[in-house]
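Annotated features in TrEMBL:
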- 31-53: transmembrane segment (TRANSMEM)
- 102-122: transmembrane segment (TRANSMEM)
- 134-159: transmembrane segment (TRANSMEM)
- 171-193: transmembrane segment (TRANSMEM)
- 199-222: transmembrane segment (TRANSMEM)
- 265-290: transmembrane segment (TRANSMEM)
- 302-322: transmembrane segment (TRANSMEM)
- 334-352: transmembrane segment (TRANSMEM)
- 358-382: transmembrane segment (TRANSMEM)
- 403-426: transmembrane segment (TRANSMEM)
- 452-472: transmembrane segment (TRANSMEM)
Amino acid sequence: MVVKYRGIGIEEEEAFTIWKMKFVLGIHPNALAYSMTTLGAGMMNSIFNFYYVKLFLNQYKISEVAFHQAQVVFMIWNAINDPLFGYIQDNSKVPCCSRRQFSILYGAPLYGLAFLLPWFPWKHYEEGDWLNGLHLIVALCAFDGLLTFVLLAQCALFAEISTRHESRLQLIKYNQVATLVGSTSILFCGLISDNMENFAYFQIFTVLVAALATACMCYTGIYSTSQCEQRETPVENTSLENNDKALSWSSVISLTKQIMTQKNFIFFVTMNFFQVFHLAFCNNFMMIFADNLIPKDVLSSFIRSIMYGAGFICPQCLVLLSHTLLKKFGYYRIILFSFYLEGIAAAVMFVLGPEHYYLLAIYLTTNMVIVQASFSLFNLPLADIVDADLIKHKRRSPLSSMVFGTNALFTKPAQSLAPMLVVTILNQFGYENLNNKFSQPDPSLFLGLHDAMFYLICLVPLCIAVIQILTWTPFSIQNSHMTAIH
């Protein structure tokens with residue numbers, strides 16, 4: 001298989017600038033350019049996910065029915081847009097779709113505008129107004145659609161920047177720093193807008209964030225480079241026929257089938273589905289479990305805030321610190337070790353019981369950190385799957401976007417499935433009546449609820465760890481960190 005590479009015609013002045021960044025300042029320019037999209041997306045995604053529910057429920061007064069309708073539409077769109085955009089980016093003849101850098105460059109301004117959609121009401125909403133339901137549907141679908149379009153191109157770029165394991169680890173390292181910095185937008189937004197109490201300041205801040213994030217992502221589109229030569233546009237007299245063929249449903253099915261018949265892809269997607277489930281389980285319920293299982297007089301509000309914050313900040317730090325271990329042992333062994341660690345920790349906590357409050361707090365935080373940190377490495381096996389698909393089917397260019405998109409098609413439903421199942425179980429033990437101001441539930445019900453919560457935080461991670469060990473162990477690309485491909 002002969003892999004073509006882009007010739008990089010760089011003027012002497014530009015070459016000197018890159019040399020200075022890399023060797024004098026210690027900055028790798030391509031990794032920096034790649035991570036700027038992560039920084040921009042991180043700033044917007046954190047604010048969007050943290051504030052939009054509170055905004056529509058408390059300020060726009062959206063009805064429960066309209067809110068759930070919007071979430072159902074969003075769940076469907078969230079599942080199908082990844083493979084849809086993946087196929088378009090891998091097979092389109094339009095440069096803004098086929099070129100990863102152009103997809104980011106031209107998608108970034110639209111992504112920024114979509115981010116602003118929720119924060120500016122279409123009218124003065126009254127309680128039960130149907131328009132705020134439509135507003136939420138448009139905001140969610142537009143934001144997620146542009147997020148997918150831009151970040152899918154970035155994921156594909158990850159696989160195409162280099163086939164060397166060490167270079168990909170460098171991208172992971174820069175990416176984690178960008179994620180860490182981007183997540184601080186929540187802190188500054190809360191300080192400036194008084195946690196959205198001053199809505200005018202909040203709107204101004206979101207506009208500034210959108211502008212800064214767009215600039216960051218445009219930097220990626222302009223300055224990032226890829227080894228893999230992009231597809232050439234076909235000659236005009238055959239372009240129409242080729243486009244019809246390329247964009248046919250039969251072609252979509254054929255390419256998807258080729259991807260899905262790879263055993264490594266099946267093993268990875270199965271393992272990843274449970275990882276997404278576990279991650280949603282931790283993110284959505286860590287605070288609920290801690291507040292109910294750990295008494296207020298044991299852990300103060302300040303300590304709880306530190307514990308919750310550590311669950312989001314420490315994973316990025318852990319990945320950065322494990323850079324040397326990743327180069328030495330490879331992602332396969334690190335991920336497998338994390339599954340064993342999660343399972344053992346869950347089993348030990350289950351044996352000790354819920355009365356050891358400090359150990360329970362440490363367990364909840366550590367479990368969340370390990371799950372998020374290992375999830376941050378999953379671009380590495382996906383990139384190797386892209387490489388294997390390229391060689392196996394002798395493709396002219398890799399189907400990076402389709403591989404990442406097909407993976408998302410099967411794993412994203414776990415984001416909705418986790419909270420649905422957990423809430424259903426908790427409600428069987430009276431959780432829905434826990435904060436009911438108009439009735440006093442039987443205190444004995446709390447004992448059953450607390451037992452159910454403790455069993456969930458121990459047995460769910462334990463069962464998931466066992467399944468992941470069984471599905472990840474047969475994954476055959478285990479030593480890519482030892483193979484230098486040029």
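Along the chain as shown, the residues are counted starting at 1.
Using N, Cα and C of the backbone, Cβ positions are placed for all residues, glycine too.
In TrEMBL, annotation is done automatically, which means it is predicted and not curated.
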Practice task
May I ask whether the transmembrane segment (134-159) has at least three C-beta pairs under 8 Å with the transmembrane segment (31-53), counting pairs 6 or more apart in sequence?
Solution key: yes
Practice task
For the transmembrane segment (134-159) and the transmembrane segment (403-426), check the count of CB pairs under 8 Å (sequence separation 6 or more) and say whether it reaches 3 or more.
Solution key: yes
Problem - Maximum Cβ pairs under 8 Å to the transmembrane segment (265-290) - stretch from the list 102-122, 171-193, 358-382, 403-426 - result: 403-426
Handout entry: Listed stretch, out of 102-122, 302-322, 358-382, 403-426, that has the most CB pairs under 8 angstroms to the transmembrane segment (171-193)
Key = 302-322
Practice task
Examine the transmembrane segment (302-322) against the transmembrane segment (199-222) and state whether at least 3 Cβ pairs sit under 8 A, considering only residue pairs 6 or more apart.
Solution key: no
Exercise for the section: Examine the transmembrane segment (199-222) against the transmembrane segment (403-426) and state whether at least 3 Cβ pairs sit under 8 A, considering only residue pairs 6 or more apart. Expected result: no
